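As given in TrEMBL:
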type: ACT_SITE; residues: B:326; note: active site, proton acceptor
type: ACT_SITE; residues: B:411; note: active site, schiff-base intermediate with substrate
type: DOMAIN; residues: B:22-102; note: domain 'Copper amine oxidase N2-terminal'
type: DOMAIN; residues: B:120-221; note: domain 'Copper amine oxidase N3-terminal'
type: MOD_RES; residues: B:411; note: 2',4',5'-topaquinone
type: SIGNAL; residues: B:1-21; note: signal peptide
């Protein structure tokens, strides 16, 4: 369990002196402190101790935010500032709304007790407390001794238990988690050295071990070959080394960060931070040079990672329940780490901090959670060679990247939003970090008899098959709030073409507009799946009469969908992972694909699949795209001891949104190379 | 038709003084000149004029090249240098092999006359000659006058006729092409202003117009809005401009170019250039730091773009035949253009020149055909955050890109090979340039009645639906010559898992090894298609017992396959485009997927589909992967007047090729930023 320094802001109230917040700004440290004070002062929850599980912005109503952001003429009116809180006290999950418009006078304005299934995201503090229990648990001491391991070398981590039918109909189940342990000596990579066979169950409210099992003993894999730190990986490769390279911006950065609003080229958007979702992109809009005066046109009201479902594929006792919901159970913002300048993000990046609430409600100042940088990939934005005027016809590409890195235990997710001058937004998930491995008695594939449920990546070490499903909530508002979802299918026409030519076939495009939610679910891997998906604004057209839209372009290395049985318990909790694409009508409360209370959720009446069972109308409505980037991970030896990054994602690309290629009017970002460079080095 | 300066080398024989060529080096200017002299001096073809259509390296036998490249101990013996020539004389296509091992004594060593269907790649010179014919053709003069166009503004281009059943059984058909014309005044983008309805047929051997048709008259689209040159596209966007940025390498480049051999990090490979294929990558191998002594391990014997099939989807008289085979009909090397430093490739790139033969056999010196550069994308090669040692755990990525740009008429193909330290090779096709458009009487979609066969992208301008199929020949030799093709399928297991846990399903991997060519054909868009494809070396295993392999990872935005009817004529010529993946046993002569003579080919007995009908064994053999990157292009207004780049490709990724993640032992390329940068600018 990583130990994160929690820096309490020493002078909370000074933060109040800054300018009025944008209505979508995350709660400031001062606001978080005010929320804490209001909740603790409220008579609505008399029980103590009271523990904070989630504190985040309770955003204003969408029409109010749109008016604020796009109102023409005159200053936009400030909107109320409110927090949504999940706290636990007296064995119950409480939901509160707190008005912090005036921080000095913060007030609880609503309170409810959660009566359904599931629990809130685990706090960091209770995980620290839970992993401190095993060393003083007698049975564990004996298990460790019997394996010849020194307890000082043991390090433990918390694993959610999932839900497997137990307590169905009893929503007030115990809030428990499993604790598994590893040998952390002689390597940084303790995940590679599990104490396989030992499973503990901790009651998180009582903070006590309530279950213990030592089922099977395997040799703990050796430390040799598991480390990934320089100096611990053997002699370095003695061949040529790639040259160091760095991006230089002789005129400085080209983007502007004003509070949480970022402006770059034709883009403007708001960057927020949430304990559960991490980065939240809002109000992304494009300035269109095509008309006069310059117009700001809506593209995306809100986008964030709603859930990451990671089911493992070994049904054995120590593994069957490993079916993680990383956002709902762990929290992506909670497990985001400060980005390392020059490594996680290039040296030309700027950084945005985050704030969240500790378990005691005090604000935590999380530095460098998000970085923003201009990318110069060496690619070409557009080009053409034609005789006679060759020098003017190539435009090098530049784009703007917004990045967060989440290290949810062993895995690292690099989550990028890339904004392009063409109007495209690319969402990229890059996976790296450490594999979750299982011990085995074997050291060669020939020794296996039957399904190993993974690949032998090192001696006594199986990397278990698993999936990653990263689900985005994308409230596209293409040139306005009301949109439709269009499925286009390439269709072959054969036979007499009626043209008196010898051509015998061609394809054309068959268009279907989704009427209801059931029509909005698409399995991208089905052979009959549409070749093109788009959100279009049916109320507006280009001068040529084409529908104004955005195409949804999957990057096909990551279009896996869940193949678990529909009645399997993890599948019921993440039922939405059966389809990569869902479309729902906008509803402010529908944010978390796995439901608000994901820990021990039972796939009941909250979550994307449940909401969509109502089969609401989605044609010409304010609709939301849910897109899942999916990867079946069959590990290989190259993934050990640390994985080379693999990436997948989806691109949102304008299609007849502009009257013409918008790049043509963008001034080229060509550097004045001759002034700064001599053979690729800084000039003297 | 672009006019390329053809620079004849003034001092051909001085080139002979250089060191002995690598056996896969393209023919030098001196060797091309020697080939010309030998062919013209040979008594085997007495007819004149004699015209050169193709001159390229006739590579030595593969075992000899492998011995040369990988022989351990002692200097590799020089191999004979031979040219393969296609020349036309007396109305026939002649094939010659010329030995140029001693350039001063070059000798024709074989001669044959091609008796089958099809003709060689068109020369640039005959296209220049053909487009000069229309202005003096009386009927065309009248057609132009009637449209109110000034003949001085007219510019024409050559379009292959394809094959539509005519002359079947008569292989000695006339060698003809169609010539279409455009209005080139007031815009650089003459493709946007076709003189629709007028089609001419030119006999290329007689160099005369032999067919004329003026079928229909539409208004020529206005020039306004069609140009893409700065200063011609309206006022620039008045918002913020992205900052200029440039890569600086304070220690210079990290790669070494020795003749045509490139060495970078753990990679070594040979870069060739061919009139038809353009870039040819050979003998790509990896130095593996995993053992001692350092080993050089084979990955790819040969890779190049074999064909680009671009069928349009309008069956009307002026469009039905537009079913281009860009490599076989036009030549990718012939239509590659000098790369613009700092624009086509970043300022830290190095350049490789090409040579090819003009129609008269004289060598043409084509500068800057290929660039090589290190890319610093801002991405992360691997990372992990764990408590206690955060500073060492992020490795920024660097890769090596080899790029060529082909402007085959209106379209521009940016063809990248990206080599990664992880062992991956990414092949990326980026499409940009100009759409091929059709005139229409209409200026609004509401005016259309029935299928427009494309999208209205501007007034009177339809961008016709079409496909791009870029087919790579990839002779993978994974850690040795003999490989097998493995198809892995994710398969769900349901019911009792036998583990006494409540889990009801999981997936595992079902493995199938392809025995014969029919098993090696894969449609990636079929729902039952395997989830993982790999080439493996069945004779070698890792220490853990895993098969040493390379995975084939499609980038899913570009996995379209042809949907034309099997009996349609263009589909017969490019039958292989029905499957994205084919695997064949290696045969030196099997290079061109559409056959050696692609112009007017009839899909007969040459080409990938024809070869594979023999259904040869491919298990544990020296096998070749043919991979097609496919895009259905439904144009939109953003694609006009010039297309923003769209990209797709395929990644060849090591899978159990290494015992461990090979990146761990690579020295990190982190720049000494503090020495060169102050706030992203060069330090003073």
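Even glycines carry a Cβ here, placed using N, Cα and C.
In the domain 'Copper amine oxidase N3-terminal' (B:120-221), helix, strand and coil residues by DSSP number 26 helix, 29 strand, 47 coil. The Cβ of the residue listed as 'active site, schiff-base intermediate with substrate' lies under 8 Å from the Cβ of B:310, B:431, B:432, B:433, B:434, B:436, B:468, each on the same chain and at least six residues away in sequence. On the 0 to 100 pLDDT scale, the domain 'Copper amine oxidase N3-terminal' (B:120-221) averages 93 in the predicted structure. Cβ neighbours within 10 Å of the residue listed as 'active site, proton acceptor', excluding its own Cβ and spanning all shown chains: 26. Secondary structure counts, DSSP: the domain 'Copper amine oxidase N2-terminal' (B:22-102) has 22 helix, 23 strand, 36 coil.
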